[in-house]
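The following features are taken from Swiss-Prot:
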- 32-55: disulfide bond (DISULFID)
- 42-88: disulfide bond (DISULFID)
- 56-91: disulfide bond (DISULFID)
- 95-106: disulfide bond (DISULFID)
- 100-116: disulfide bond (DISULFID)
- 118-150: disulfide bond (DISULFID)
- 122-143: disulfide bond (DISULFID)
- 132-164: disulfide bond (DISULFID)
- 192-225: disulfide bond (DISULFID)
- 196-218: disulfide bond (DISULFID)
- 270-302: disulfide bond (DISULFID)
- 274-295: disulfide bond (DISULFID)
- 30-103: domain 'TB' (DOMAIN)
- 100-166: domain 'Kazal-like 1' (DOMAIN)
- 186-241: domain 'Kazal-like 2' (DOMAIN)
- 264-318: domain 'Kazal-like 3' (DOMAIN)
- 321-341: region 'Disordered' (REGION)
């Protein structure tokens, strides 16, 4: 009698449990992906055994889902050999509730697919003219710079208004920053460190290219900043009255080059390999010789032991005009690391 009463209840509980288990499996089955490629396949696996609802609740554009519950070996083959998983279902078909993050907005493209595009808020920008970025490039306005920042240069910022210049003339730096022309003859706005600790070791002394001994790298950077143009490092240690490069001891990997104009030597790296030069890379050096590039000029200096410096870009026979490029091909070093040139 007892068994007859319990058996129907047990069957009911087993049936309910089985239904819940199958429902759980049906909801959980599937894989969540972070993006959908141009070929329509899902890429960058986020999690397995995830329902579409859970996968798509983030609101992130690009998140996609596949229904197939397949072993890891199949997922591996899809990702490595087939460019992603087939039957990819994008979470977002429209821009509704899409979160693109700051400085971006969702927009339907020509294929009627939602895409996040750069759309910085430029409504509060008062200066409408060109600006010079900290990358040494000129942008037509601050809004264009913000778009470039959005597209992959997160550290990009405005350093001063107007086109990037080769001199500090007419450069108005914001706040307490000062204009400095670096060793590549580009003007930058930097904050001068006016307090340097006193040297505690003779190893901290540096000889500048101006023949002055500085207490440390901090003191040399400070002098550079206050002067408004690069001084550069001649060699480590206090400056000496050298008669030739034989009197100067360079650190490993450097060679002494003699500056005959001032009767001083400086240590320089001489292991640079020069790549293929472009026609607009030519420079006129201090020996009035045209070199295919600044690198080639440095190689010539290293081979002769005589210091060469750039007089101006282009051929020595060309007419030099004070022009300002809209954009530089190469991004100059604006960190003011002390170098030998």
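Note: Cβ is positioned from N, Cα and C throughout, glycine not excepted.
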CB within-chain contacts under 8 A for residue 88 (disulfide bond), separation at least 6:
33, 36, 40, 41, 42, 64, 65, 66
Between residue 118 (disulfide bond) and residue 91 (disulfide bond), how far is it from one CA atom to the other, in Å?
21
What are the non-local neighbours of residue 218 (disulfide bond), defined as same-chain residues 6+ apart in sequence with CB under 8 A from its CB?
193, 196, 197
Counting Cβ atoms within 10 Å of each candidate's own Cβ, which of the disulfide-bonded residues 42, 56, 100, 150, 225 comes out highest?
42
Give me the CA-CA distance between residue 150 (disulfide bond) and residue 132 (disulfide bond), in Å, as a whole number.
17
For the disulfide-bonded residues 55, 132, 302, the one whose C-beta sees the most other C-beta atoms within 10 angstroms:
132
In sequence order, which residues at least six apart in the same chain have a CB under 8 Å from the CB of residue 122 (disulfide bond)?
142, 143, 146
Measuring Cα to Cα, how many Å separate residue 116 (disulfide bond) from residue 132 (disulfide bond)?
27
What three-state class does DSSP give residue 132 (disulfide bond)?
strand
Among 192, 270, 302, which are recorded as disulfide-bonded residues, the nearest neighbour of residue 55 (disulfide bond) by Cα:
192
